[in-house]
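Q: Checked Swiss-Prot, it gives:
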REPEAT    40-79  repeat 'WD 1'
REPEAT    82-128  repeat 'WD 2'
REPEAT    131-168  repeat 'WD 3'
REPEAT    220-258  repeat 'WD 4'
REPEAT    321-359  repeat 'WD 5'
REPEAT    403-441  repeat 'WD 6'
Amino acid sequence: MLRWLIGGGREPQGLAEKSPLQTIGEEQTQNPYTELLVLKAHHDIVRFLVQLDDYRFASAGDDGIVVVWNAQTGEKLLELNGHTQKITAIITFPSLESCEEKNQLILTASADRTVIVWDGDTTRQVQRISCFQSTVKCLTVLQRLDVWLSGGNDLCVWNRKLDLLCKTSHLSDTGISALVEIPKNCVVAAVGKELIIFRLVAPTEGSLEWDILEVKRLLDHQDNILSLINVNDLSFVTGSHVGELIIWDALDWTMQAYERNFWDPSPQLDTQQEIKLCQKSNDISIHHFTCDEENVFAAVGRGLYVYSLQMKRVIACQKTAHDSNVLHVARLPNRQLISCSEDGSVRIWELREKQQLAAEPVPTGFFNMWGFGRVSKQASQPVKKQQENATSCSLELIGDLIGHSSSVEMFLYFEDHGLVTCSADHLIILWKNGERESGLRSLRLFQKLEENGDLYLAV
């Protein structure tokens, strides 16, 4: 479906022809995205998309340009030029709710060792910050404290007026790769294979200065941490290059769960073929997470895994969801999931329940959950019985969007305006719900006829 609009599909890569890649026919009855708009403005890889409001988004990438788009029409609204090298991070800094002047700031970091703060409604540069000793790889906003943080070889804290409030000493030549806020005025930073917990100390009557203190280092990962997100207010999750998934307590920073076993010799492949597919560490690298109140969705190598927070186990997986590594995953309404890959495809999945047969226990080799140390065999018996009798799920392919000719880096979902994807082919594609768009066109036509008086004349 949609292959003819662009001119051909993707070529299988690597071991794709040997892998059990799920396919779908041309008649994708459950796929609403039957129309597309191709947006051209960039001259290099487009790596980032960020939503500005209900109808606007910004794109950025290796050409150093930021472009603001209308998600409904695909119209190019603004082009922000200022960086001389590729953009490495982009975030928005919304106005405070108490502030009367509602201007949204866009912050961009670049390999040119600068951060530029932009007015989100104009092309105006509010300020350029060029005091960094290394490339800033991540940015995050602490809305409650009305500050933002930049992470490179050190960690800096800034206010809305762009004053440097405090900073850490040099942390690592590797630099901070990811950064999230956790409770108690703390943030957790991924630095190589380490997690570092920092606490922000705001000014008080006794001290007028801000400070940032290192309070703990978590050394449980065996390889570089590639992904880090909050699960909820009480926990966060990390994933590494060699397929380690760890769930952490966000309050006391202890390990709640650890797993690095992402294959078993079960139905999809025979043992030798499965082992062959998993020989390269890249096949089990955890590239991205997303979550909701019930599940964590993990992009692991070429596969997708759904881990139930309540049942403490994987409830569904597609070990070969794409021909190449899955780079981004997000949850949609109606138990749907979207993934994109280095193979140039975007795929839509539906999480469906299926009752396990009594003789077919739910696999427990994925994400086995334990607290502090191993549980005893006796203590694990009730858990095992519960898993064997529990309802498991499957990920069923319901849509395959073929439009990009190279790696799809990430995407955004707009409830009213469709799906936006960006790619190494320099393009952005706006995927539209065909039925909805047809209805809107008909409505606009009737409104125009009514305004001109032609509707009554025709009747």
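Every residue, even glycine, has its Cβ placed from backbone N, Cα and C.
Can you tell me where each of these features sits in the structure?
A: Long-range contacts of the repeat 'WD 1' (40-79) within the same chain: residues 85-87, 89-92, 104, 106, 108, 110, 112, 118, 120, 122-123, 409-412, 414, 416-418, 420, 422-424, 426-428, 430, each at least 6 residues beyond the stretch ends and with a Cβ under 8 Å from a Cβ of the stretch.
The DSSP breakdown of the repeat 'WD 3' (131-168), given as helix, strand and coil counts, is 0 helix, 19 strand, 19 coil.
Residues 174, 177-184, 188, 190, 192-195, 197, 281-282, 284-291, 293, 296, 298, 300-301, 307, 309, 312, 367, 369-372 of the same chain, all 6+ positions outside the repeat 'WD 4' (220-258), place their C-beta atoms under 8 angstroms from a C-beta of that stretch.
Looking just at the repeat 'WD 5' (321-359), the mean pLDDT is 89.
The list of residues near the repeat 'WD 6' (403-441) in space but at least 6 beyond its ends in sequence, with Cβ under 8 angstroms from a Cβ of it, reads 2, 5-6, 10, 32-51, 54-55, 57, 59, 61, 69, 71-72, 74, 324, 327-328, 330, 332-333, 338, 340-346.
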Q: With a Cβ cut-off under 8 Å, give me the same-chain residues at least six positions beyond the ends of the repeat 'WD 5' (321-359) that come close to it.
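A: Distant Cβ neighbours of the repeat 'WD 5' (321-359) are 10, 12-14, 16, 19, 21-22, 30-31, 33, 282, 285, 287-292, 295, 297-304, 306, 388-411, 413, 415, 419, 421, 423, 425, 431.
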